[in-house]
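Enquirer: Please find one structure pasted underneath; my questions will follow.
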Amino acid sequence: MHQVIQLKILDSRIGDTIPLPAYATDGSAGLDLRVCISEPMQVAPQQTVLLPTGIAIYIADPKLAAVILPRSGLGHKNGIVLGNLVGLIDSDYQGELKISCWNRSQEHFTVNPGDRIAQLVFIPVVQASFEVVNEFTESSRGEGGFGSSGRY
């Protein structure tokens, strides 16, 4: 499935010295988001910073949203994860995409201009309504939770 999303460039370096968001491979689910800063930034251990991307998107279609997710290598190798764990971008949001970056390691981490720091994945959305009931139709699982369907 291919969807066209409106993208607004908020910083003139985007598309010039800092590439536009792009899929790294044909099989990539996420577009790499890059940091749009002027100079290297130190992120201290346990510090959280809000990093600009220099872009805004407008999804427009209420059946679509986007999520900002961490890059696995940064988290595993450097302890760099998203401060909010997942960033949800609603279809009607039009502001700059910013990345909450948390250094959960015990080492300082340097973020350089243009670094790929997160990824943007588009997802389908179902807007549900609720039907208030007194009882549910019984299922095999019932009310079991928190490990009830397996060892963990």
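Yeah, the Cβs are placed from backbone N, Cα and C, and that goes for glycine too.
On a predicted model such as this, the values are computed, not experimentally measured, just so you know.
Feature list, courtesy of Swiss-Prot:
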type: BINDING; residues: Arg71, Ser72, Gly73, Asn84, Leu88, Ile89, Asp90, Lys98; note: substrate binding site
Enquirer: Highest CB neighbour count within 10 A among the binding-site residues Arg71, Lys98?
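Expert: When each Cβ's neighbours within 10 Å are tallied, Arg71 tops the list.
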Enquirer: Please work out which residue of Ser72, Asn84 has the most C-beta neighbours within 10 angstroms of its C-beta, and give that one of the binding-site residues.
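Expert: That would be Asn84, with the highest Cβ count within 10 Å.
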Enquirer: Quick one: largest C-alpha distance among Arg71, Ser72, Gly73, Asn84, Leu88, Ile89, Asp90, Lys98, binding substrate per the record, in angstrom?
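Expert: Result: 26 Å between the two most distant Cα atoms.
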Enquirer: I'd like to know which of these binding-site residues, Leu88, Ile89, is least surrounded, judged by other CB atoms within 10 A.
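Expert: Per-residue Cβ counts within 10 Å for the binding-site residues Leu88, Ile89 bottom out at Leu88.
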Enquirer: Helix, strand or coil by DSSP: which one applies to Lys98 (substrate binding site)?
Expert: strand
Enquirer: Kindly assign Leu88 (substrate binding site) to one of the three DSSP-derived states: helix, strand or coil.
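Expert: In three-state terms, Leu88 (substrate binding site) counts as strand.
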Enquirer: Give the number of CB atoms, excluding that of Gly73 (substrate binding site) itself, located within 10 Å of its CB.
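Expert: Gly73 (substrate binding site) is surrounded by 10 other Cβ atoms within 10 Å.
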